[in-house]
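Trainee: My questions will all concern the structure given below.
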Amino acid sequence: MVIRHLEYLGPMATIDGWRPEITLPEIAFVGRSNVGKSSLLNKLMRRKSFARVSTTPGRTREIHFFDVNHQFVLADLPGYGYARISKERKAEWRPLIEGYLGTSPRLQGVVQLLDVRHDPTNDDYVMMDFLADVGVPTIVAITKIDKLKPAQARARVEELSKRLGLDADQVVPFSAHTGAGRDELASALMQLLAMPDWRTTEEE
């Protein structure tokens with residue numbers, strides 16, 4: 001995927017607030033705080049500062065939308081599950097995240113991020129179950145594989161895939177540091193965009 005056009009469209013702070021008027025399919029990226037989402041997006045888009053990398057996890061409070069190649073809209077969702085964020089703040093974010101994922105008429109697919117070094121948290125499982133209930137096609141990007149030795153990373157990816165009941169084509173090992181998995185993830189996005197509307201498929 002060659003990035004010829006990348007334009008920030010704006011933020012959505014509440015489920016009934018502003019959202020892009022552009023009628024392109026949307027791909028959402030979601031993961032717990034500190035999973036490496038900003039670094040992954042920067043590498044995927046081949047930009048050093050496309051998504052701001054914060055030193056304080058849990059800072060992002062809005063959904064940020066970007067026009068990619070006039071082909072699709074990338075939705076960068078707030079990180080979930082950061083322990084130091086107050087319960088009140090989490091209570092504000094959950095309706096935004098779940099409301100968007102459950103009601104966006106143009107959502108074509110979701111990429112959920114997991115850190116290869118850690119077992120999925122309860123928040124991760126809750127998100128997976130929610131996405132499964134909604135029925136939206138989902139890819140799991142397993143991040144930070146460069147933090148382990150290659151053999152360890154492969155074994156860990158296989159272990160996580162089996163534990164989560166994921167097929168090989170649903171999982172993309174990724175390193176924002178080395179760029180490993182960048183082309184595979186870009187290809188997975190194109191496959192999501194080429195799929196028929198999953199809502200129509202569900203109705204049938």
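Using the three backbone atoms N, Cα and C, a Cβ is placed for every residue, glycine included.
What Swiss-Prot records for 31-38, 58-62, 76-79, 143-146, 174-176 is GTP binding site, and it gives sequence analysis as the kind of evidence. Annotation source Swiss-Prot lists Mg(2+) binding site at SER38, THR60, citing sequence analysis. According to Swiss-Prot, the domain 'EngB-type G' annotation covers 23-195, on the basis of sequence analysis.
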Trainee: Write down the Cα-Cα distance for GLY31 (GTP binding site) and SER38 (Mg(2+) binding site), rounded and given in Å.
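Mentor: Between the Cα atoms of SER38 (Mg(2+) binding site) and GLY31 (GTP binding site), the distance comes to 10 Å.
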Trainee: Please report the three-state DSSP label of GLY31 (GTP binding site).
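Mentor: GLY31 (GTP binding site) sits in a strand per DSSP.
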Trainee: How many other Cβ atoms are found within 10 Å of the Cβ atom of PHE174 (GTP binding site), counting all protein chains shown?
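Mentor: A 10 Å sphere around the Cβ of PHE174 (GTP binding site) contains 29 other Cβ atoms.
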Trainee: Would you mind ranking the binding-site residues LYS37, LYS144 by how many other Cβ atoms sit within 10 Å of each Cβ and giving me the lowest?
Mentor: LYS144
Trainee: Other Cβ atoms within 10 Å is the metric here; tell me which of the binding-site residues ASN34, SER38 scores highest.
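Mentor: The most densely surrounded of these binding-site residues is SER38.
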Trainee: Under a three-state reduction of DSSP output, how is LYS144 (GTP binding site) classified: helix, strand, or coil?
Mentor: coil
Trainee: Should PHE174 (GTP binding site) be counted as helix, strand, or coil on the basis of DSSP?
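Mentor: Going by the DSSP assignment, PHE174 (GTP binding site) belongs to neither helix nor strand, so it counts as coil.
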Trainee: Far apart in sequence but close in space: which same-chain residues, 6 or more away, have a Cβ under 8 Å from GLY31 (GTP binding site)?
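Mentor: In sequence order, LYS37, GLY79, TYR80, GLN112, LEU113, LEU114, THR143 meet the Cβ cut-off.
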Trainee: Work out the three-state DSSP category of GLU62 (GTP binding site).
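Mentor: Once the DSSP labels are grouped into three classes, GLU62 (GTP binding site) ends up as coil.
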Trainee: Between 0 and 100, where does the mean pLDDT of the domain 'EngB-type G' (23-195) sit?
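Mentor: Mean pLDDT for the domain 'EngB-type G' (23-195): 89.
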